[in-house]
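Below is one structure, written out as structure tokens; comments come after it.
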Amino acid sequence: SKMQWSSAISMVVFAWLFAAFWSVMPLLGWGQYDYEPLRTCCTLDYSKGDRNYVTYLFALSIFNFMIPGFIMLTAYQSIQQKFKKTGHYKFNTGLPLKTLVICWGPYCLLCFYAAVENVMFISAKYRMIPAVIAKTAPMVNAFVYALGNENYRGGIWQFLTGQKIEKAEVDNKNK
């Protein structure tokens, strides 16, 4: 079934309000922002390690990493089962969850480690690596969805080269 505009708009508004809530909390005193180790922009201040930081970190991780990861896992497993029933494999359903874990996993590990131990002994350059990897997530997701789906991939190829990918030859061989 097709999604209604009202549902789509409600989901977008919820996503923006959810993101705003978690972004504003450090400004209101739950958690704290500080400059990243190389002073290029700000991030969570994981040098504190106090109770305020730990409670914010665990809540943030559960609601922004673990629950979305679980939702992605169950949703894409459902899609995979549908693909198996229909015999159409148009997308690698495990890739989006792997992308989430690869892009955000190192940052979450650093923050969790900072909750129990002092991370200031790690070089500033090494502490920047997880943040930089996490910031690549939107770009990686765009590539995953654009290049992982044959319909989008064909459209991108046609846009870039002006040539349409011929699927008729493959379909005729199967018949």
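Every residue, even glycine, has its Cβ placed from backbone N, Cα and C.
Remember, it's a predicted structure, so these values are computed and weren't measured experimentally.
What TrEMBL records for 1-145 is domain 'G-protein coupled receptors family 1 profile'. When pLDDT values are averaged over the domain 'G-protein coupled receptors family 1 profile' (1-145), the model yields 85.
Here TrEMBL flags 12-33 (among others) as transmembrane segment.
Under the heading transmembrane segment, TrEMBL lists 53-76 (among others).
Per TrEMBL, transmembrane segment is recorded for 97-116 (among others). Beyond its flanks by at least six residues, the transmembrane segment (97-116) meets 44, 46-47, 49, 53-54, 57-58, 61, 65, 68-69, 72-73, 76, 127, 129-131, 133-134, 136-137, 140-141, 144 of its own chain at Cβ-Cβ distances under 8 Å.
According to TrEMBL, the feature transmembrane segment maps to 128-148 (among others). For the transmembrane segment (128-148), the list of distant contacts is 36-38, 43, 91-92, 95-96, 99-100, 102-104, 106-107, 109-110, 156: same-chain residues at least six beyond its ends, Cβ to Cβ under 8 Å.
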Query: Counting by DSSP, what is the helix, strand and coil composition of the domain 'G-protein coupled receptors family 1 profile' (1-145)?
result: 103 helix, 6 strand, 36 coil
Field: Spatial neighbours of the transmembrane segment (53-76) far in sequence, C-beta under 8 Å, 6+ residues away
entry: 22, 25-26, 30-32, 44-46, 93-94, 96-97, 100-101, 104, 108, 111-112, 114-115
